């Protein structure tokens, strides 16, 4: 046996499953022991010693790169981490992978010095460090111009979040050296916010991230950070409601409760954390090591930096408070009925749902109500978190939002949850582990690629090494058909689906899968999956509920009614609708509410997007480990770390390495180890070359390959490789032989008489061994049975269609674009992979399914066997008739597949495909995929064309050309395949070539179809003939026409018009009818056969055959123009007339008064029978045009009498029948405008609030109507009130979203254009006064002109004749100086005064009803005060109208009031309450509308002038206010007010750092920042200190003083005026206060200079020096001075001052602003310190000895803020430190002083002299105010 030596290290088996290290110990007596790594000692027998394995030297000492380990196994990796952990080394490499072990203590290895150390150093040059990985990312990105990513993974508590922050801080530090932006700070500050809302204390981690995060940082070409973007994944919503023991809710709740002020607590009605159920379920409120109060300050500071407004912060706090309050709500059962409840209470305690006919509301049990409450709370928090992430992105990604992303480089940081395996694993763990499986596959693929690159670098051949990854697990989870996630989604969509039915389906489908572990019994709810890291058992309970992730409609309605703007904003997706376009009307959208996607669908989509992004980057990996679960700093739990090794995928690195060449040495190591094999002593590497030494070593029995620096040995590799090749060859031969024998056997059994024919055919169509062979290799293929039906023959020259090899041949396209070994010729088996590459996994699966269906359609493979009757019934295709936007792909193709709601991603083929399908069903599947997945359209065409090339089966070819022709009539190919397809069909058989070419041309011209092909299309394609249809007219004539696939309603209407000689075609539309339903197709680009297809689908839904669909077409009048003239086209008038008569008879057109029916019936009689009366004819008229119900309600005799009496009025006129017919049409047009309207379903996204945001817009000849249903009108807009309509532009009076926005906008624009062309009314746009030319009309802006459009009028003329309606004078006016009004009738005075729409419209929407004043008068002036505010939203606030009436003189004043007192009452509350500001504007405009009192109007304009300079109106009111001012051009102050209004808008929200000033009072000094208006500051200083004490503002004196504030480039003596006027008066008081550190000699000199500056040359004043010491010496140095010292100096006054400045200018504190503060955050500093701010930075000075404690340059100051008397400053580029202090002054002055220097300092640090000079000139002085006179 082998005898080991004393002290030798060996491997010993252990109970944890992996060997541990041990050392041989020999006692003096010779007894041998083993001492393992844990210090345990055991005796060693000879048998045991013989089985020990010697430890490699690298495993003994430990290495910094585990690739170098000689023991390349699990034990070797584990021991290496243990050794380094004991040494206090937390970072280790495994190649380019960094392993980071959490030390659970702080290490000083992240300083700025470390950043500089690792910057510009390659990976491996320095010891392992996370900065090295960050530097590698940064270097590779800038050097190779390729995006990078860093994937950080590990268990909770392993340090992922901290690692992410460290990399981020490193990148910010490196980039910040060159950057002049704040973006780095903003990115860094996003961390505190995300941690507060997304992190929580768990058992394993005090700051555990409960969501996944991908942070992508974008750099410009210089490597400077430009922007960033955060993506979040799978927030743990359940934590909001439930926490495990010793765990907390999210940090933000606790920070909020201890951080907000008492006033905020009172407003939010909050208390302590222990009072709330949602914060106490874990029995843990305080987290050791965390200061929630400080964290709150940090969070608010970060939110400020990220531009969260104060209002937004308060809204967030309101939602958090609401969550806590909801958690304290308890539910109890009740039996009381008819109790009025709030919307919140009702939505939580009741559930409503739709039955067949009505909505039913059902009360919930207390448990159900609690669950509903929890669902609401979780949804609110999740939506809030998403909103916060989006808000952060809007700031840090702002610069790139409008720039192409491709022009920037990026580094992505992925901080995502690690593999999880708990005692109970639920749906969340399944999603998390699915993500880890994806990342593991990505990791393994990357390591495999690195290995290949290493061998290529060494010129080593490495082929045919197959490494089995975790693809089988991914297939089980989401890859193959009926995968687990697909089954979960499918069951989630079934109303009766349950967790048990789901589990049964999974067990039945996957019980034979080795990676799936089925439940053990029907009562067992668990199932298992064999993940890459081990087996995980999941509890299926709650799977479906969590996957649905749905919020009830009652909750959504409650949210929609909420007044909380942020809450509605976070639920915007649920409240809005899918798809559609945007239409904006300046005075228009609609889709149907989007079905909420499943949680797994959302997660898969996000994960696919993430993996796609990662695949495009060069990846780096950081594997975070935690050494123990107890957060102990020096404890290493082997079993825990071994489990993490497996979970992290590190073992796969070992497996991949061992598959190739595992033994690697550097040249020096190799020589040292094997030099004994040399037959020569010449082996000095210093004198002998690398290759020469190796050549000496090579023995016959060992093969080696050497090159560069590595030597790699092969031990038996060639033998293994040869054996594997032979084994694979044998298996391949066996498979082909068995398959051939099986096919022959089945053919013989099926049809013996046809044996020889089938065999020949089978051999002829034998598939080639390429990627096109079937994916379903097991089992033989059964050919289709021979049919006795005659096959329609193609022409003889059509046999085996093949293409010429020209420029655009299909062969050329296949060579350029097909992937793999796919050819362009016919095959008879399904494709293994698509012909074209596809990025989307769903597209790939869809292409494979389509290959199967196309082959079945063409007859190249047989149909599956029939299902039983029950299966067929259950798989009936369900289609729905409503418009396509709401339908899913399964509705299009007829599959029972599972799709995600957003992109219809195919999860797998449903069982309905595995049954015989009709030709139409297969066609629907193919076309359905093409319509729902645009990216696979070329694939479909390629698969069809491929099956037509060299196809020897005539029937298959005929079916293929039929299929191709139908596709060409539905959708076009992309530009990539267009020319090739045109060439292909052009060279097709003569029977189909021209036919297909024309169909392709037509579908390109008319646009793609939206619906599936119909049955008649399939029949027409087989015969290649057009489709014959008839169109019914209102006079019962029928017009025969021919349709084809691309025919549109516009083409049909035009064809009917030509055949009937119809000239006035405007407003006539094509209608389609099915049974008693009829809808319009318009006269536009809608495809007629799409409507036919909808009818056929409805028939199929009813269980009937498509060919029996009884659809019909008709032509009807849908819309009138406002200028419609019945005399222009008699045919048009006759058709409309007959339509009206039939509509009245069918009760489609109804009138409230019976006189309307009688008059129309009388006119109808006159048209039909003339003036002759006949009772029989009258009875015929009654039967023709009076509804049956009306006849039954009132007898026939009564109707005859009424019509007979009305006939006398009609017959007495001498009109012709045609003119009466025109009158009847006109009366119907005016009576029923809504019946002659185009309706559009819309959603209003912005504009004045209406009762509903979703409604219909009816556009007709009279205007635009907002309708709730067909009867209730929400709003009516005449065309004269319409200014403009835009598509896709926001900011109008009404912003509407509509699926048909383009059509709607075009209709309104055309109507407005036509009205202006026909109108004779115009408004003058400018003053015109030409006294020298009497021909021209004198008018003022806003005058109404009546234009003369006589025979001489020409639209091309530049001038027109008009009459001024104000002066009644006539003359010529230039056309470009007037604006034609869109009206055919004269506008009223109100329309002119208020033109365009503003206050009247605004009042109709937002004004409430006031007592004593009719609603129609609310917008007009009145001397009666209102009893309540105008605005509906202000019902609880006091109205400001009375002071306005008093100021304007419209209301008597009992006691004398000054104008200032009245303006205080008007504007004072509005400056404090933003909600009052719109009320003030509305009341002022109201009093100036229709006000004839000149004095009142003058004072009204004064109020408007003041108001427009104080605050702007809201966005909704701004447009109306602007038009109010624009419509009064004659008022002098109107334009001034408008200018002030626009100016204040530009100032709101704009910050400036150019200057600040001080306003001083005898006691208080106010800081004036740049955002504050001058007069606001003036007002602040004049406020009385005591309530009730009246002070007249005019008696307070003020004086403006200029002072230097920025002390850059100040040289005493250079500018004598500045020195004497500013510098000396400012610096002398600082010196006398003792702020400077100076010697006694300096004080003597300076004292003499100050003395001279005061007494000049009067030597008699020397005796006064002892009394003047306080004015000559610093206050703290007076005691050390003596009077004799002062007689030594003396110069002139001005020279003394300048000399004083020259002396102190050499001191570092010259020009500083000093602040004395108290601090306690830094124990090494005194409690009172002096802060000195200068151009050098911010210095902290000991006030006692004037010594400098520390000086921070402005570049190191990251943030600073002040609140009250407290000031906070954060310093440091990488590792931050905070300084907090308290000052007796207003801390805002300190902050602003730093702000000014920090904003200008970078320019003075630069070498640009001109920039310095410019800034010195631009910012020399800053202004201030002083109360009471000069200083």
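The first residue you see is number 1, and the count goes up from there.
Note: Cβ is positioned from N, Cα and C throughout, glycine not excepted.
Fair warning: this is a prediction, and the values are worked out from it, not measured in the lab.
Feature list (source: TrEMBL):
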BINDING   154, 155, 156, 157, 158, 159, 160, 161  ATP binding site
DOMAIN    61-727  domain 'Myosin motor'
DOMAIN    826-1022  domain 'MyTH4'
DOMAIN    1027-1349  domain 'FERM'
DOMAIN    1421-1564  domain 'MyTH4'
REGION    607-629  region 'Actin-binding'
REGION    764-802  region 'Disordered'
For the domain 'MyTH4' (1421-1564), the mean pLDDT of the predicted model:
75
Helix, strand and coil residues within the region 'Actin-binding' (607-629) as assigned by DSSP:
9 helix, 8 strand, 6 coil
May I have the list of same-chain residues other than 154, 155, 156, 157, 158, 159, 160, 161 whose Cβ is within 8 Å of the Cβ centroid of the recorded ATP site, in sequence order?
102, 205, 208, 418, 624, 626
Inside 10 Å of the Cβ of residue 154 (ATP binding site), count up the other Cβ atoms and send me the figure.
26
Within 10 Å of the Cβ of residue 155 (ATP binding site), how many other Cβ atoms can be counted across all chains shown?
25
Under 8 Å Cβ to Cβ from residue 156 (ATP binding site), same chain, six or more residues apart: give me those in sequence order, or none if nothing qualifies.
202, 204, 205, 208, 209, 417, 418
Which residues in the same chain, at least 6 apart in sequence, have a Cβ under 8 Å from the Cβ of residue 160 (ATP binding site)?
152, 153, 154, 209, 415, 416, 418, 624
What number of additional C-beta atoms lies within 10 angstroms of the C-beta atom of residue 161 (ATP binding site)?
23
Could you tally the C-beta atoms, other than its own, that fall within 10 angstroms of the C-beta of residue 157 (ATP binding site)?
21
Take the Cβ of residue 159 (ATP binding site) and count every other Cβ within 10 Å, whichever protein chain it belongs to.
23
Around residue 158 (ATP binding site), how many other C-beta atoms are within 10 angstroms of its C-beta?
24
